[in-house]
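Here Swiss-Prot flags Asp43 as active site, drawing on sequence analysis. Annotated substrate binding site per Swiss-Prot: Trp40, Met41, Asn42, Asp43, Gln59, Trp67, Phe102, Ser103, Arg165, Asp166, Glu229, Trp311, in sequence order, evidence recorded as similarity to another entry.
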Amino acid sequence: MESPSYKNLIKAEDAQKKAGKRLLSSEWYPGFHVTPLTGWMNDPNGLIFFKGEYHLFYQYYPFAPVWGPMHWGHAKSRDLVHWETLPVALAPGDSFDRDGCFSGCAVDNNGVLTLIYTGHIVLSNDSPDAIREVQCMATSIDGIHFQKEGIVLEKAPMPQVAHFRDPRVWKENDHWFMVVGYRTDDKKHQGIGHVALYRSENLKDWIFVKTLLGDNSQLPLGKRAFMWECPDFFSLGNRSVLMFSPQGLKASGYKNRNLFQNGYILGKWQAPQFTPETSFQELDYGHDFYAAQRFEAKDGRQILIAWFDMWENQKPSQRDGWAGCMTLPRKLDLIDNKIVMTPVREMEILRQSEKIESVVTLSDAEHPFTMDSPLQEIELIFDLEKSNAYQAGLALRCNGKGQETLLYIDRSQNRIILDRNRSGQNVKGIRSCPLPNTSKVRLHIFLDRSSIEIFVGDDQTQGLYSISSRIFPDKDSLKGRLFAIEGYAVFDSFKRWTLQDANLAAFSSDAC
């Protein structure tokens, strides 16, 4: 007898196959960011290099461009750039994941691709807290078709814990470890977030070790993050990193400007003890970056991908039947107690025509240019020592009718500003990152049809800060300009590449 989840899997697969070609006419469908063929996408899940290929799973609702009962979508790549859509990996419907296959991870267990995920069950529609969440397993030999194995971890660290999700598993010596987020009740507030640590010998029988860290500890998180979602724990350089997505932090100055955040704490790990040594630091300064997940590439690089969207933001692409995409894969490094992120070198595969201008000097003036395509890579070096303009930078995706996305250095605020108030349909707001204390600022920019990603560096280090935001300009908004306001600005180098479309709407032949 077919299980309810198997029937749901077939329905999801049919919806996905029928939708692919329709997206080719969507003016905002990305050229090189992983995006669903149809429906809704949020958290990346199960990132792994397995049997010669990179696998990316994701939270997915294939029936409409809105959040619904979560499935696991699936894509694969050999180069981190060209991704092929695979059959839907998981669908809800069994007793242990009736209302959703929530976020989780993937591990290679002796050649078996093993997914550990949260089964979500709604007990009542009267309250968002009337839920039950358990940790489940599914396995695959071919890396495409998965067999559910049921619940492997049922009990949360404390009684009456409802929110208990997003497992992340790794192997250390002869033991498997798991971190998972959970929330305890707090009568004065919405709750208190924590990360629990478990240990197992076989991935099926888990023992609670301790609460690895929580918001009732001595951490400057405002002590009011009511949930810590999507935890990850790994080594980078000579430090251990606890990465997570806290919910409930209040905005403070330039910090915590989005509904929810995504960041990390550095510390020391001596199993089973994690000793934090830094405060919480946000990973990205843009409007749209959440639920980041990290994995190890075949050459040992630590690579990160995040959901390139945010819960409260408008999603104009819903009119075309899809919503959500992933950020570019980013290489992680640790420099001076800070994680720096740079786009993976494989992105250079997409470079086509190149345009180079060696030195551009402007004095209360503009330098216009035209882009051949909305798919662009830009490298700009700004000489701070030789410039005194109040504001200097770029206007991108302009159309001569007021539509533009502004990226500029503001000397009065000592910040780098991204202004998307005129960036197209239903997007507003300004975000910024610190201006590096350096003689020259390097801006590495990727423009897709509905996004901008900026990597900020100084004269020594690339990727000190990143700003990631969705934009929705008209398809003919292909003009740009350099500008300087109230003074002069020296741009030492201005390089632009038109990028090839990576054909992300392709459906893998392995799916047949």
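Including glycine, each Cβ sits where the backbone N, Cα and C put it.
Annotated features, which come from Swiss-Prot, shown on the structure.
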residue : record                 : Cβ within 10 Å
Trp40   : substrate binding site : 26
Asn42   : substrate binding site : 23
Asp43   : active site            : 24
Gln59   : substrate binding site : 25
Phe102  : substrate binding site : 23
Arg165  : substrate binding site : 26
Glu229  : substrate binding site : 23
I need the CA-to-CA distance for Gln59 (substrate binding site) versus Asp43 (active site), whole Å please. 5
Report the largest Cα to Cα distance, in Å and rounded to a whole number, among the residues Trp40, Met41, Asn42, Asp43, Gln59, Trp67, Phe102, Ser103, Arg165, Asp166, Glu229, Trp311 that the record lists as binding substrate. 20
Between Arg165 (substrate binding site) and Asp43 (active site), the C-alpha gap once rounded to whole angstrom: 13
